[in-house]
């Protein structure tokens, strides 16, 4: 800050202090004035109003007593007028006080005064009213006396209000006095503070000026004229007149230092150049006294290393014999207990190899741990800096020099190194050239002797080659013979391949015929079987009781025989599906307790019918949940139990279910890993099986012997299917039996939450063996287990209460479409009993004609395989008819090919049921769909 600014600042602070002092005095004086005005105007005004209210009340009270005790009517009228005027004056005073009061306490007192005064005024009005009514003085006095308490309370409130206002006036007066005392103290303090600020400002201006002048004086005194490289500097932080003088001084000092530094650098540079030239000349003189690269390297590294102020050195020379660019170490300096660096480096190997590759000098500062150390008599020292330099001749690096120092390599050291390396390459090339001439001379002498020896060896080799030529001719003849044999084998292989392809086509054709045969057989068997089962079921029920017991029994036998025939068809198709490994296995949770209960319910009536004991034994620690294909497991156990009951005439049949012990698993030689295995044993006291027949009973269409087949019947498929199913589930089934004593069939089955581990591999292998077309044929051939054995409706409509739909078919119109008259006849009889209107058609085209003639149709039963127009096309066409697009259509078919269900639903069928039909199932589905529609 300049002198002018400092003076202005000092004067400004003095003026500001005086202004602040005057402002404080004015504020305090104004506060005293405000307090005095409040005492005189506000407080006195309120006290005066309170006094007026009390005085007016006294006067009103006095006039009221006068009215009560006087009989002169004129005087009474005058006094009543005065009372009314006083009343109005009091009310005005109260209103004025309400406007100026600002304390809650005084406001509460004023409201109490107003309320009590109003109460007293009511008494006055009552007295005036009684006077007008001619009341006696005694009655008036009694009214007056009843309000004495109110009068006293009103006077007390007025006194309290007045006292409170007087108290506030005294407090305000005391506050004014305190303000006066504070004013005197503040004025004295402000005067003292102003004087202190003025004095301090003056001292600050004087001291800051003197301090700046002292800095300039001391800076000039500190100049060392013997060393002008570093001159003192004056502070220039403060921009004033002295600061400008300091900047001029600093500029002068910088100019003097710059001139001194340039002079010193020039002198040092001349000294360095002289040192480099002298030492490089000494080293060049060494080149002429060496005859080998080893001696040159030793002398070079021993001389240059001390000059470079280095403590370690190594000389690497390019190996002229190698072709991989290897640099070998041929000389060192101050080599300690450990070798300095590696023995050899290839291009780009380590820093030495990288230096040779880049053809540039590499300098390392602050050498990390692990590098060579300088060894002295008392210890080891790690170097601080390393330099690696290439020796280049004709753009080729022929040597690499590496040195390490305890300090740092200076610019002078690097100049010396560059200088000597320029001539070192030439010296090395000369020595190598001379050495190469000597080497070639020696080689020429050795080669002359060697050629003489080789001439003798060639003579011997010529004779040996003649012998080998004869042997090769014989070998060639043998190879030609083998080639002819190979061609013959190739032709044989091609012929065998053609035969295999022909057999594959025959197998494909055979599979196709077999598939078509089974599909047609299924259709042709199920079609008449459908009418047999429907009609026999209707006859057996005989709701009108028209048949004899014997006739009903005949019907039940017919129905039972039909069911047996259906089971036989299913068993044949099951076995066919297993044979081609196309049976679907669905692993899931099986509730063990529910599984046991189903076994008990399914065979209890058979046991009672044959008068056999039937029991199910539960083992200890049975799991609650078991993982396998529940449908296949039930089929296996059902087949075993059916066999047991069939071949047992007396005694018992028992089932034991327990966790499989390890000895049984070892005996069965199972190869599936599972944590839990179940053992299900079916034991009977039947005819038993001889030892020589036990291995045959699990083969298809085999029983114990011909007599057994004739006596007990059956196809011999049940055990074969059980064995195949157990293998699919990862288990095993075996038998223990004594002829004439009974049999024990044991099923071991694993719990597999993730399914069979090898199942996917087996399927993949099967697909690899079979061609695509053959696989499709096999799928058609083994169509049944997914579709034909489904006896329930494939897609459940929404559930409807039975009570609401039991008679819903009555009077409804149904169209039965089937080309088989037996099926039409059976369905007509069944649906007539439901009082339905039945329309029949033999193909899809006739069905469309019926729909065009009849606008209202409630449901359609559609066969699929029909002449003229099949069921698929008929359903699709109906769905395009506006009047009948929503009518329920149930597809009925005996040829339950895989994919038929999806195809029926896709073209628009509402539901799908396979033949032979169960009447209850069909009627239930019809009721639900009619109710829904």
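Note that Cβ sites are derived from N, Cα and C of the backbone, with glycine treated the same way.
Matching 38-72, 73-107, 108-142 against TrEMBL, the residues noted as coiled coil span 73-107. Cross-referencing 183-206, 207-230 with TrEMBL places the feature transmembrane segment at 183-206. If you look at the transmembrane segment (6-28), the same-chain residues 6 or more away from its ends with a CB under 8 A from one of its CBs are 179, 182-183, 186-187, 190-191, 193-194, 197-198, 201-202, 204-205, 208-209. Taking all protein chains in view, 27 other C-beta atoms sit within 10 angstroms of the C-beta of residue 863 (4-aspartylphosphate). Helix first, then strand, then coil: DSSP counts for the domain 'HAMP' (207-261) stand at 36 helix, 0 strand, 19 coil.
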